[in-house]
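Undergrad: Dropping the structure in here first, questions after.
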């Protein structure tokens, strides 16, 4: 086994260069993702549709591009939101909007320095009710327990501004079959290391 590594050990400078090139590719991809997050003001500027709840507008596996710089969301707009306590993005259409009155205080339970208390905020936040185009009822059953609507500032990841059909199936396959992710990453690493200049 060690004899197969001999060509790489004979020229450690070239091997180190290849490993650093692979690390550079990974760090560049990470920086591009973070840069896109800053530009779009979204924690996930690109998401994949995971279910058929938005058919016929979007199919399972479609890749969506999000934008979260608008201060308000209009009724009929398609948004991506996260349910509190869960890390699964949901793509649905806004059915109703409930604007907060300016000056009304929102009370939020916060924990600072180990002590629990209430924090009040007088900035208005838009409240939204969503529904999948292919669903019979609105999303109140999907929201966190006791939550009747989505908060624009806290729950919305972004509004859909564009999409590419079917490209996200790769992501779905990688999440449904974790071993495939390891094989793909190992193959990419092997290709970089074995590449000769």
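Backbone N, Cα and C atoms are what each Cβ position is placed from, and that goes for glycine too.
Not measured: the values here are computed from a predicted model.
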Undergrad: Of the residues 41, 68, which is given the N-linked glycosylation site tag by Swiss-Prot?
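TA: Checking Swiss-Prot against 41, 68, the N-linked glycosylation site entry points to 41.
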Undergrad: Under Swiss-Prot, which of the candidate ranges 102-134, 135-167 is annotated region 'Disordered'?
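TA: In Swiss-Prot, the region 'Disordered' feature sits at 102-134.
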Undergrad: Tally every other Cβ atom lying within 10 Å of the Cβ atom of residue 92 (active site, charge relay system).
TA: 23
Undergrad: Kindly state the mean pLDDT of the topological domain 'Lumenal' (34-197) in the predicted structure.
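TA: Within the topological domain 'Lumenal' (34-197), the model's average pLDDT equals 83.
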Undergrad: Here are the recorded positions: 41, 53. Which has the lowest count of other Cβ atoms within 10 Å?
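TA: It is 41 that, of the recorded positions 41, 53, has the fewest other Cβ atoms within 10 Å.
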Undergrad: Using residue 41 (N-linked glycosylation site) as the reference point, find which of the active-site residues 53, 92, 139 has the shortest Cα-to-Cα distance to it.
TA: 92
